[in-house]
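Written out below as structure tokens is the structure these notes cover.
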Amino acid sequence: MNPSRCRILAVGKVRRSWIQDGIELYRKRLPGLEIIEIRDSTPDKEADSIRASLRPNEHVIALMEEGDAVGSIPFARRLDQLGNQRLAFVIGGADGLTNELKGRAHWQLSLSPMTFPHELARLMLIEQLFRAQAILQGSPYHRA
């Protein structure tokens with residue numbers, strides 16, 4: 001997994017400083033990872049902004065409650081199988097993603113069957129990206 005080939009498109013700003021601190025901690029460990037903030041709006045307007053931000057050659061991974069629930073090791077393996085493809089992880093706002101965006105995704109992924117604030121989902125995703133990289137590199141960070 002190459003962080004410089006990954007982008008996170010997330011609706012909304014991170015308002016809690018402790019979440020922002022966590023995001024920055026892992027972002028420093030994943031050089032090249034890009035985070036695009038999409039302005040909060042109606043689901044249709046958010047979808048328009050997300051579509052406009054997606055690149056034609058990106059493998060779109062939509063985060064949603066009803067997506068595939070996978071453990072950290074299968075997640076790392078899946079990212080490894082994607083090789084050098086450019087990845088766009090999409091995190092919706094309070095109302096989630098539109099059906100059109102869900103359908104456009106190459107993979108629908110769930111971090112948990114529970115619902116989390118989008119800013120916390122962003123932190124959880126970036127930690128899992130770092131963990132996936134550690135798993136693939138054989139780093140002791142992942143001890144499960």
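Glycine too: its Cβ is placed from the backbone N, Cα and C atoms.
Among the candidates LEU33, LEU54, LEU63, the one that Swiss-Prot lists alongside GLY92, LEU111, SER112, PRO113, MET114, THR115, PHE116 as binding S-adenosyl-L-methionine is LEU63. PRO113 (S-adenosyl-L-methionine binding site) is surrounded by 9 other CB atoms, counting those within 10 A of its CB over all protein chains shown. Of all the binding-site residues listed here (LEU63, LEU111, MET114), the one with the fewest other CB atoms within 10 A of its own CB is MET114.
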